[in-house]
Amino acid sequence: MNNKAKKGSNIIKWLFDNVIYVFLVLLVIGIIIASPDFLSMTNFINILSQSSSRIIIALGIAGILILGGTDLSAGRQVGLAAVISASLLQAGDYAYKMYPNLPELPLFVPILIAMVITGLFGTLNGWIVSKFHVPPFIATLGMMIGVYGITSIYFDRPPYGAQPIGGLSEAFTTFAQRGIKIGQYEFPYLIFYAVIVSILIWIIWNKTQLGKNMYAIGGNPEAAKVSGVNVAKNMIIIYMIAGLLYGFAGTLEAGRVGSATNNTGNMYELDAIAAAVVGGVSLSGGIGTVAGVITGVLIFQIINYGLAFLGVSPYIQFIVKGAIIVVAVAFDMRKHAKKK
Amino acid sequence: MSNILEMINITKRFPGVVALDRVSLKVKAGSVHALMGENGAGKSTLMKCLFGIYSMDEGKIIFDGKEVSFANSKQALENGVSMVHQELNQVRQRNVMDNIWLGRYPKKGIFIDEKKMYEDTAAIFKSLDINIDPRRKVSSLSVSEMQMVEIAKAVSYDSKVIVMDEPTSSLTEKEVAHLFKIIRTLKSKNVAIIYISHKMEEILKISDEVTIMRDGQYIATKSAKDLTTDEIIKLMVGRDLSQRFPPKVNQPGDVILKVKNLTAEMQPSFKDINFELRKGEILGIAGLVGSKRTEVVEALFGLRAIQSGTIELHGKEVINHSPQQAIKNGFALVTEERRSTGIFPGLSISFNSIIANLPQYRKGIFLSESQVYDDTKWVIDSMKVKTPSQKTAIGTLSGGNQQKVIIGRWLLTKPDVLLLDEPTRGIDVGAKFEIYQLINQLASEGKGIIMISSEMPELLGVTDRILVMSNGRAAGIVETKTTSQEEIMRLAALY
């Protein structure tokens, strides 16, 4: 092969290997050409803030996917955390409080309570999967249905029955809806929470024993066991971390929307899995990066926001999103197949 | 008798090696033709060329008077050349006849004609004197029965040539006798059998002609009745054992490991195993497939539960209920199946080097990058791993280099006892020599080494003593210097 041709094929190879990033750039360029107004700070901030809680959920699920598992209960756990934190953070003067006599709690207490509860459900998922060898799809399917029941019982109870839990305290809405003013723009705190969580998860995945063990278990569980990795313990911890992240994301969702119902978070797990997979996380385990997951979430959010901005029918958006999931994974399989 | 199959001057090159160098194989119709050679001699490569799994670089194949070139094993099968594999590939959840007619079910309109399928299967079984209900689930069959089903499947395709790869490796003596009866029936139907095996007595008993290969080259084809075991070995090996193995330099010292009355929890498995291992000693474990050698080292490493017995290291009893405990106690295990239980193929050399030693790199919650880098460098340098970088995925390396990384991985844990299960399986000859050198060097540095191997010359060339297992029991421990292949074979068949 002559040099020129080699150079050309190298560029093509690079484009294939980084196809999601290429796609993200093309997508943005496409939308900008269709409507140059899209290129504004406001739109940029909106997309980031809408992505924030989704990034947190997707990072939780991605860890489990890298283990070679899956988690269908993520969305319902988000809902549970949203309902719990909202019920504990209603404003003191709100007429329909779930706990009329509850004083206004410091913000971190309800957030912690919600996270501990979903953390326990995550742990339970991990325990069932690792100790009883129930396929993760089934274990978390059961959890998804069961947690919805628990959330609904908690939600639909006296004194006011099944109605959205609203009237959230100002501290809570500030925490989730306001931001830091830089110049004329307000950057929502949500973005910073997502950044902090991403950094923490990046550290866990790349710099700790737990992270190495996670990749090892997903890459080859038998070899991990032989290498002295405590497979069950590490799996349980990764599921637990996912639960904690769902809990945090759930409280952010409640605060962002300003209320919560038993259907908050419904189906979020599928969006999160789709984003992770589009971002290069392998469903067969062992492969995935934090940057990839974030990119995956951003792609979907830009499609949502960008196509709406262009005035494209939301039904068409579904078709586009569905196609992207399949095409992205097809490209990814091609990349891995070549390496064999 | 005329030749049904002629493979003439087959040459196959891989990057850096000539796997087959003008090899010829001529098989007469209605005969049993044994194909012999050591592991790595090129037998499997030759068969893969026949079935189109590899494309050959030179040479031609003449089958039934016509030049052929099969694109894949399905095409070969449809033309009357079939293979009964060492690893039997069947759909275990389905029944026997479904497996035989898979892909070409007899039909009545759009429905599958179960009755015809049953009758045809039963007829083939009857003609071969096989006594299996065609409606049985394959997963309920024994290895020998599965093999018979495979042979019946080959017959159902009207095969004129059937290749059998190590067909007796997991069979009992009685089952072997039945297999030979089937082979004779096939011969009488003018079917030719290419019989690949390492077992000399069997070969001399069943085959008409023997072709011997060595290091990718054709050595000779002789009539079986003119051959003896010794002659075959001479033709197969073709050189002194001394050139294939590095000189032994290790000096066994005091006993470090005592294994007493070790018995597995899940029976049938190994029973009542006793042996001692010295510092700086290489103890081999010999035995046929199914003699539970792997199970013993897995039990030492905490991968298998033991019912009774003790393991003493340096005079103190150790409990290895899990690999974590075993590693802490100073044991290391290089497993037999490198692909399924050794490497993390998609991950880097660095990752693969350090994964068993992670606790050593912890600094608070983090892992020390510099120590990880240094240890990976040590593995690559001291094991002489040929790789472009630490970040290269291990799956892209050759088998020999992968194995060196795995051995390096375990040396990082500073074990006292190194367990090696078939450490040179699937590795080319040059890399084998390097692995032997490494094993020698480790022993001379004072590690106790236990090495399972199915290759007799390897055991005789590398070890100090050999524990021979037979059907789950220790049949004896022999001194390598004074023993012979015959003695080991006799002990291996003791129980």
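All positions are counted from 1 along the displayed chain.
Cβ from N, Cα, C; glycine included.
Copied from TrEMBL, the annotated features are:
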- A:20-39: transmembrane segment (TRANSMEM)
- A:51-68: transmembrane segment (TRANSMEM)
- A:107-128: transmembrane segment (TRANSMEM)
- A:134-155: transmembrane segment (TRANSMEM)
- A:187-205: transmembrane segment (TRANSMEM)
- A:235-252: transmembrane segment (TRANSMEM)
- A:273-303: transmembrane segment (TRANSMEM)
- A:315-333: transmembrane segment (TRANSMEM)
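Note: the stretches the transmembrane segment (A:187-205) and the transmembrane segment (A:107-128) are not in contact (fewer than 3 CB pairs below 8 A, sequence gap of 6 or more). Of the ranges A:20-39, A:51-68, A:235-252, the one with the most Cβ pairs under 8 Å to the transmembrane segment (A:107-128) is A:235-252. Only pairs six or more apart in sequence are counted, and the transmembrane segment (A:235-252) with the transmembrane segment (A:51-68) gives three or more Cβ pairs under 8 Å, enough to call it a contact.
When Cβ distances are compared across the two stretches, the transmembrane segment (A:51-68) makes no contact with the transmembrane segment (A:315-333), since fewer than 3 pairs at least 6 residues apart fall below 8 angstroms. If one looks beyond the transmembrane segment (A:134-155) by at least 6 residues along the same chain, the residues whose Cβ comes under 8 Å of a Cβ in the stretch are 64, 69-73, 75-77, 79-80, 83-84, 87, 121, 124-125, 128, 162, 165, 261-262, 269.
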